[in-house]
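To start, the structure under review is shown below, and the notes come after it.
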Amino acid sequence: MTDTRNGEDNGKLLYCSFCGKSQHEVRKLIAGPSVFICDECVDLCNDIIREEVQEAQAESSAHKLPSPKEISGILDQYVIGQERAKKVLAVAVYNHYKRLNQRDKKNDDVELGKSNILLIGPTGSGKTLLAETLARLLNVPFTIADATTLTEAGYVGEDVENIIQKLLQKCDYDVDKAQMGIVYIDEIDKISRKSDNPSITRDVSGEGVQQALLKLIEGTVASVPPQGGRKHPQQEFLQVDTRNILFICGGAFSGLEKVIQNRSTRGGIGFNAEVRSKEEGKKVGESLREVEPDDLVKFGLIPEFVGRLPVLATLDELDEAALIQILTEPKNALTKQYAKLFEMEGVDLEFRTDALKSVARRALERKTGARGLRSILEGVLLDTMYEIPSQSDVSKVVIDESVIDGTSKPLLIYENSEPPAKVAPDA
């Protein structure tokens, strides 16, 4: 609406030429040649421009595919160690999106196939973090599915098509964006066949799920209910082509190392048998590096499913040194996160070296890998984070080994006084 009324100097109200609000309804009214615009309309215009710029930047960055070395370098900023897995993932992801960029070119005789990825590694070794970081780096939709909740269609549980629906939700049901996304299916080892022999009874959460995932991973057109799902059954289903969706499956595969060792150490019997001591046994990570498709079949994955995951990357168990690095070095390291939380209260947080070693040792004892580090720190810092917001004179908190072990409380350093002696926790 264009306002043609006289200005305030003539005793009349001024109105925004865009939304029609008077000068009393808004905080600010900016005058131009015969027009006015309010602060609310300016904010709205800024939001529209910002969204369009972000979309244009995302589109241009999608065309600028980083090289495998650049991908691996960015992964180094967030994931400690696992160099072999990073290299395998970087090459696989680079080739996948290079293939997508090639598909629009006409008169191309060679059709490039899709290479989905299988990550094998102990709990807390960084499988999910690697997949999340890749998706963030490439600016593509990403979703995580839990294989343990999946069942065959018609049974209680989630259908495999629900995975695609989650991916659509991540990109506001933009089918074109979803068709270039990444899906990470966790706990894939939990849907292994319960025995080597085909069972007479139906295995709806094991082999049945593998069969259901086959076509989805290889490439099919999945029918997914739109927003609202069953609430609006009259709506047409969305058709999502999964041929260009990159599937990354991950699992701990506990016991797989024994299958590999049995295969690799198979030898003669009697006098021809090679004698080995228990000390000569390989570590889990070393054994997993020698995995072959047949080992996965013996573990319980069906051959057709293994064939759909041609790229194999194994992750090593994290030792104490790696866990200490994880605590301190990545961009989003846990010690940096907690230091930021304390900084918001105007307090410095310091972790002594012996404290970091103690945290790493406790995580190793729990066999939770890097995933257990946060729960340990959360338990140690809980009381301090509860008290600090109520105390305005604390300038620094120091955590040492005795605090992690539970034999003393964190050392609080006050602004204008000597720090009090540490007090043992109440019995």
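Cβ atoms are placed via backbone N, Cα and C, with glycine included.
Going by Swiss-Prot, these are the annotated features:
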- Cys16, Cys19, Cys38, Cys41: Zn(2+) binding site (BINDING)
- Pro122, Thr123, Gly124, Ser125, Gly126, Lys127, Thr128, Leu129: ATP binding site (BINDING)
- 4-57: domain 'ClpX-type ZB' (DOMAIN)
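Looking only at the binding-site residues Cys16, Cys19, Cys41, Leu129, the densest Cβ neighbourhood within 10 Å occurs at Cys16. For Thr123 (ATP binding site), the same-chain residues lying six or more positions away in sequence with a CB closer than 8 A to its CB are Ala252, Lys367, Thr368, Gly369, Arg371. Distance from the CA of Pro122 (ATP binding site) to the CA of Cys38 (Zn(2+) binding site) is 58 Å. Residue pair Thr128 (ATP binding site) / Cys41 (Zn(2+) binding site) shows a Cα separation of 42 Å.
Among the binding-site residues listed here, namely Cys16, Cys19, Cys41, Cys41 has its C-alpha nearest to that of Gly126 (ATP binding site). Put simply, of the binding-site residues Cys16, Cys19, Cys41, the one whose Cα is nearest the Cα of Leu129 (ATP binding site) is Cys41. Model confidence over the domain 'ClpX-type ZB' (4-57) is summarised by a mean pLDDT of 81.
Same-chain residues that are not part of Cys16, Cys19, Cys38, Cys41 yet have a Cβ within 8 Å of the Cβ center of the Zn(2+) site turn out to be Ser17, Phe18, Gly20, Lys21, Val26, Leu29, Phe36, Ile37, Asp39, Glu40, Val42. For Lys127 (ATP binding site), other Cβ atoms within 10 Å of its Cβ number 26. Highest local Cβ density among the binding-site residues Ser125, Thr128 belongs to Ser125, counted as other Cβ atoms within 10 Å over all protein chains shown.
Of all the binding-site residues listed here (Cys16, Cys19, Cys41), Cys41 has the Cα closest to the Cα of Lys127 (ATP binding site). Looking at Ser125 (ATP binding site) and Cys41 (Zn(2+) binding site), their Cα atoms lie 49 Å from each other.
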